[in-house]
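Student: Mind looking over this structure? Questions follow.
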Amino acid sequence: MRSLIYRQLLYNSYSVDLSDEITNIGAEKKENVTVQIGEFAQSQYAPVSWGSGETLSGNVEEQPLDGPYTPDKSNLPSNYWYLINPSNDGVVFSVTDNSTLWMFTYLVLPNTAQTSVVVNVMNETVNISIDNSGSAYKFVDYFKTSSAQAYRSRNFLITAHRLQAYKRDGDGNISNYWGSDAYGDLRVGTYFNPVPNAVINLNADFYVIPDSQQEMCTEYIRRGLPAIQTTTYVTPISYAVRSQRIARPNEDITISKASLWKEVQYNRDIVIRFVFANNIIKAGGLGYKWSEISYKANNYQYTYMRDGIEVVAHTTVSVNGVSVYDYNTGSLPTDFTIRNYDVLKESSFVYVDYWDDSQAFRNMVYVRSLNAELNQVQCVGGHYSFALPVGSWPVMQGGSVVLTFDGVTLSTQFTDYVSLNSLRFRFRCAVSEPPFRVTGTRISNLYGLPAANPMGDQQYYEASGRFSLISLVPSNDDYQTPIANSVTVRQDLERQLDEMRREFNELSANIALSQLIDLALLPLDMFSMFSGIRSTIEAAKNFATSVMKKFRKSNLAKSVNSLTDAITDAAGSISRSSTLRSANSAVSVWTDISDIVDSTDNVVTATATAAAKKFRVKEFTTEFNGVSFDDISAAVVKTKMNKLNVVDEEMLPQIITEASEKFIPNRAYRLIDGDKVYEVTTEGKYFAYLTETFEEVMFDAERFAELVTYSPVISAIIDFKTIKNLNDNYGITREQALNMLRSDPKVLRSFINQNNPIIKNRIEQLILQCRI
C-alpha cells in the first residue's frame, strides 16, 4: 500500500525484548480460539503451544501401572485390570459365587510333559491333567457352572513373560487374555457368568492398571514389565486407598531439619469453589445485534471448615481452548445476530488458582512431590434472554460440561493489593447432557457450555479433594519466605480495560455530527488521532511501537491478501469475511519521525508480497481531502479519548487494536469507471449502477478485478442505497451525486447543516457501529 500507516501496520518490524517476542508467539497460537489466561495468571507470557500445560511427574490422577502388591483374597474393585506375575507354577487365580460359577487358572511351566496333578482350590480337591511342550509359559483356565460338574479346561494363554491379567466389569463378568502373541491371536476374552459380589483370590504378586489403559496392559503381556517399577505415592484407586495409608488428611510432617531450613510435608483436605464470569457486549444499531459473549477470569473469596477450623480461601477461575461460534440471520439492521460467543468443549480446559490462609501457603516457594486428588464437577448452564426491541426474545438455554481433574502446578495470583502463592488446578472438559440451544433460531442440539449463563441457578461450583506437597521452609516458623518475582503489585489491567470499554461506548451519543465532520477533515489515521496525548517525539515513537506490535497480530494485517484471494477466486461473486480499511495518504504528525519513515520504506521494498504488489489500493484524493470510513472511526476514537477519565499507555494499544477489528463492521467500497460505479460490501453484496440515473446494471466481475488492481478504491461513507434514496425523495444534481460518490466532506457538511434526515441517519448509524 502507498499510505504510510499501512506500510507501518503490515511490514514494519521493531527491535523488541524477549518478553515481547514471547507475547507475539503466543498471539499466533490463538487462531479462532478465545484464550483467557486470567486476571491472576502464573506469568505474563502466553504458552507457546496451547494445551493442558505442564504435567509434572507426580501429578497423574491414576498411575498406568501401580504395584506390585502382595497376594490378596478380597472383593477387589471392578473395572480395573489386575496383572499377575507369579513366581511359581500352580493355581494363580480363582473366583466363585458358590452357585453359578467356579473358575481357576493354573500356570504350567515350559517343557512340562503331560501329567495329572491334584490341587486344592476353593475348599475342594481337584484332579486335573496338564501339559506344556513349548518353551513359553501356559496359563490354563478351568471352569464349571454347577457343583456337581467336573472341571474342564476352557481357554489358555501362552506367553513368554509369565504374565496374565484379569478384570471384572460393572456387571460382574470376568475377562482375561486368551491365545498367543506368537501365533497372532492374542485377545481379551470374557466369561459371561456374572459374579459381581464374589471374592477374587490372587495367589501371586499383582499390579493394578486402570481400564482406560488396556492397550498398555496388552503391551505388558506381549513384551513384559518395565525394568523398574516402584510405587511413589498413594494411588487414587479404591484398592490402594483401602490397603495403604501414608498420612492423615490434615497434618504437617517434618521430613528433615537443619539449622536454618527444614522440609515439611503438608497434607490438606480442601474445598474449591469457583464462579464463572462473562462479558456480554451488545453491538450498536437498533438493538438486534450482540458483538461478543465471552468468558473472563473471575476471583471468588469464601470460607469453609477444616477439622473444626474456619479456613479463608481465594480462587481465580480462567479458561483455555474455548471454541468460538457465531450466528447471523441476515444483513438487515433488524436481523438477530451474535458475532461471537464462547463455548466450553472437549478441547477446553478450566484453570482454578486456589489459596487459603493455612500454613501450607505461607512458604510455598521451594516445593516438590506435589500431588492432588479432586472429584468431578458438573457445570450446567442456565437461561439468558436476548432483549430485542420488538418481537419475542430469543433465549439461550441449557448446555453442560463435566470437569475432570487433570493436574496441579504452582502459580501466583496477583490482586490489586497482594501477591499470593497458589496452586493451579487444571480441569479437562467433557460435554454432557443437556445440549444447549437458542429458542426461535437454528441453534439447537449443540453440546458444550456457552458463556451466556454458565452458572445456571448455582451460586458457585464446588470440588472437594485433598493435596499433598513437600516444601522447603525456614526452621523459624515465624519467618515467611518472600514471594518470588513480585517486586510490585500489578494493577488489574483487564478490569481497567473493561471500565474503559464501558465508558468508551457510553460516550457514543455525545458526539455532535458537525464536530465529527470537522475532525474527519483532518489528516487522521490510527496514530495521529492520539497526537494530543504524547507531547514529545520520543514518547510518540515508543507508543507507536507498542501499537504496531498489537496490530501485527490482528486480522487487519491479513485483510489485503484475504480480499485479493476472494476477488481472484470468485468469478462474479464477491465475498469476504475480514475487514479492509482504506488509508488516508495525507501527511500526519507521525511523518515527522524520520527514522520510522525510513525504516518503513526499506521494509516495504524488501518484504512486500506478490499479492500486495498486484493489489495496489490507491488512495482517492481531491482538493477536498476525501473523507473515508477510517476518518469516521478515527474521529470517534479521538473525540472519546479526549473525554475519557482513564488513559494508560498499556491500555491504549489494546483499545486501538479492538477498534481496528470492530469499528464499522458493515462497510462498502466503490470504484468509479467513467459513468459506471462498482460497489462491494464486506457482507458479500455487490452491484453496479450508472452515475447519471442511479440505474442498476450488470456487475462485470472481470472488469472489477482489473480495475481494483489499477484504480483508486474509495471507502463509501454514503452508500448506493442512501444516495438513491436521497435522489428519489429530494432530488440531487449530477455534481452533488459525484461529490457524494467521492465522499466530499463539504457536501456532507452542507446536508448535515440542512438537517437532511437521510444523510444524518446514515452518519449516525456509522457512529453507532463504533463500539468495542
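Every residue gets a Cβ built from N, Cα and C, even glycine.
For reference, Swiss-Prot lists these features for the protein:
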type: COILED; residues: 483-510; note: coiled coil
type: REGION; residues: 65-225; note: region 'Spike head'
type: REGION; residues: 247-478; note: region 'Spike body and stalk (antigen domain)'
type: REGION; residues: 388-408; note: region 'Hydrophobic'
type: REGION; residues: 509-772; note: region 'Spike foot'
Student: Same-chain Cβ contacts of the region 'Hydrophobic' (388-408) under 8 Å, 6 or more residues past its ends?
Tutor: 52-56, 59-61, 286-288, 334, 336, 343-345, 348-350, 370-382, 423-441, 443, 446-450, 452-454, 461, 463, 465, 467
Student: By DSSP assignment, list the helix, strand and coil residue numbers for the region 'Hydrophobic' (388-408), in that order.
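Tutor: Breakdown, helix to coil: 0 helix, 13 strand, 8 coil.
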Student: Average pLDDT across the region 'Spike body and stalk (antigen domain)' (247-478)?
Tutor: 86
